[in-house]
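Structure first, then comments.
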Amino acid sequence: MAIPETVFFALCLVGLAVVVVLIQRRYLPLRKTPEYLLVSTFLPLFISCSIVVLVPIDLSSNSSTQDGSRGIVLPSRLLLVAWRISYWLCFVLTWAILPLLISYSDSGHRSPQKRFLQALRENARYHLIILSLGSIGLVYFLFAVGLNFTALKGLVIALSHSYALSLAIFLMGHGLVAVPRELFYSSSISGNLRRLQIRAPPTYDKLLDATHTVEELEAEVSVLRHRKTGSAREFQDWIEELCELLSLPENALPGVQRSSRVPQVITEEYLASLTARLKAALHRRARFQREWETLVQSAADAQSILDSSSSRRLNFTPHFTSTSPSTPISRITILSPYLRHILHLHILPYLRLLGSILLSLASTAIIWTEIIHAFFPRLSLLPYTFIHHPSSSHGAIGLAGQAIAAVWLLYMILAAYHSLSIVKVWGTYCLVPRMTSGSSAAFYSSYAARLTVPLAFNFISMIPKSLTNHEDTVFYKFLGHLVNLTAISEGWNDYFPVVILVPVLAALGNWYRKIGELVGFGDVLQDDEDEGGTAGAWIEGRSLIERELHGAGRSRTSTRATGTGSAGRRVLSPIAGGLRSPRGGRYRDDPNNGGEEEAEESGWGAWMHRVRNTLETVEAPRWLQQQQRRQQPRRPADRRAGRGTSGVRS
């Protein structure tokens, strides 16, 4: 039995590897992405997927006896090796390698050596601060356990586990509400169309802001290009690379009003800062351009579905080659227009409604189990769904129970991943299909691995000993005695999951938007489906989408948002009367020194660069924005004048 089960486990790993490669292909341009980044993002995703398979196998192997087993079991030695590799590889990747890759990818230096040294300096300062904060825990461990290698290792693992568990519980709690609600909202085609129209104005404003930022940086690069003397001559190759990155034509004239941003003496640090800002701005513009195109295409598809109720024929019209068709089901070409109409208008809405009900029940069971398992273990719901034979001599968990346990764990992890992907405090990090930056890919793969291990440990901790002793699993023997080395760390793992009520109630009561209306920070975890809107916002969004769709059918020259220049580079649709951002720029005391200030980062300034990126993305409170809009006269050039700017279609 051991050989077939081992082979089955190996085949599962091969299948998971294929799934991870497909995920990478979804978000990364595989041919242009460096090999070191592909490998570094593949490993944490692969380990996260393999843990979903390892946990049920470990549970079944623990409950098996000499009389036989019901499910897939593996030898204890093989499981121990698998858990050691998975945990320590995740630990090294999330705390050392991937943070270095994030800083390395964000760096603007040309030399790989200087980029690596800059990444080392930034991460060294960050880890020194973490170690200084961890010294408090070290003092506690010295008094509780004593000074030895086990205590030091337990301190590192306990602090890392506590941080990851806290983040995972909050993200999972929000996702357990957001995922079923999103599916429920999508079951109404007309309601989904209205929400898309309400989201259109703020999405379009973000695209305007991103485009305006890129234009300012283009003006700086254009000024540098026309400097043929002095210090600029030493960096002509670097400047030409920036021009190629922007696809600036030879005859592009610099902006006179923006030439004061360029310092008189061009230094390597200034060019490195300019390159980093330019790459971040291009990725940000590509992100919002893709978001805008996806929104417009989804609205057009929803309108086509509603219009098909009279003709009983449904054909989706792709308006952007980068986002069409908007849904995977729309890619099915074997369906006739009539069958496609039946599927999208009469079948899929009810399937989504049924799915939302099932996921709501699943979320309720998970939340109940998280709250009750530390106080009344026998009242936990989840373990009874996959432990079908608690008193059997052939094992408490069979093959069906293993599959159910894997589904439960997968749903918990996906709920946390969903919240991770929509959270708005990560600064410039975002997943963009086929155009994700290297730093964003490293960031999300790092947190994907960081969240999986504590959720898996939390999952097996919810099993009461009356059904099966989870402390006998290889996973618990390997990690449990270090996580629960002291009373505080043990209580944190057992009782902290009760805090899941906070994000759950916040998502149910829409606290994020209410807090955001007061202080401006409440939108960090606000779902797009929760965005309220007035009738004016809905009408304005509908007008924006209609003008975009009408203009998308005209013959016009357009290019990709990630590699465009001043000539034919406009990324906005014909409805965008201008490129002026509706929000003003940041104030500087001396605009002539703007570039030098950003280039001369040292000490705390370099470490606070990450914090600054996050805070700069926080928008003003909604009530303050509304008050400013009332005081300022509305310019028709912002959205309705319709100067001849072209949209991006690739």
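Keep in mind that glycine also has a Cβ here, set from the backbone N, Cα and C atoms.
Quick look at what TrEMBL annotates:
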- 6-24: transmembrane segment (TRANSMEM)
- 36-57: transmembrane segment (TRANSMEM)
- 85-105: transmembrane segment (TRANSMEM)
- 126-149: transmembrane segment (TRANSMEM)
- 155-179: transmembrane segment (TRANSMEM)
- 350-376: transmembrane segment (TRANSMEM)
- 396-420: transmembrane segment (TRANSMEM)
- 441-463: transmembrane segment (TRANSMEM)
- 495-512: transmembrane segment (TRANSMEM)
- 549-605: region 'Disordered' (REGION)
- 552-570: compositional bias 'Low complexity' (COMPBIAS)
- 618-650: region 'Disordered' (REGION)
Exercise. Which listed stretch (36-57, 155-179, 396-420, 441-463, 495-512) has the most C-beta pairs under 8 A with the transmembrane segment (85-105)?
Worked result: 441-463
Exercise. Any chance the transmembrane segment (495-512) and the transmembrane segment (155-179) are in contact, meaning at least three CB pairs closer than 8 A with a sequence separation of 6+?
Worked result: yes
For this session: Determine whether the transmembrane segment (441-463) and the transmembrane segment (126-149) share at least three Cβ pairs under 8 Å, counting only pairs 6 or more apart in sequence.
Result: no
Exercise. Can you name the far-off residues of the same chain, 6+ from the ends of the transmembrane segment (155-179), with a Cβ under 8 Å from a Cβ of it?
Worked result: 91, 95, 134, 137-138, 141, 359, 363, 366-367, 370, 412, 414-420, 422-423, 447, 450-451, 453-455, 457-458, 479, 482-483, 485-486, 489, 492-493, 496-497, 499-504, 506-508, 525, 527, 529
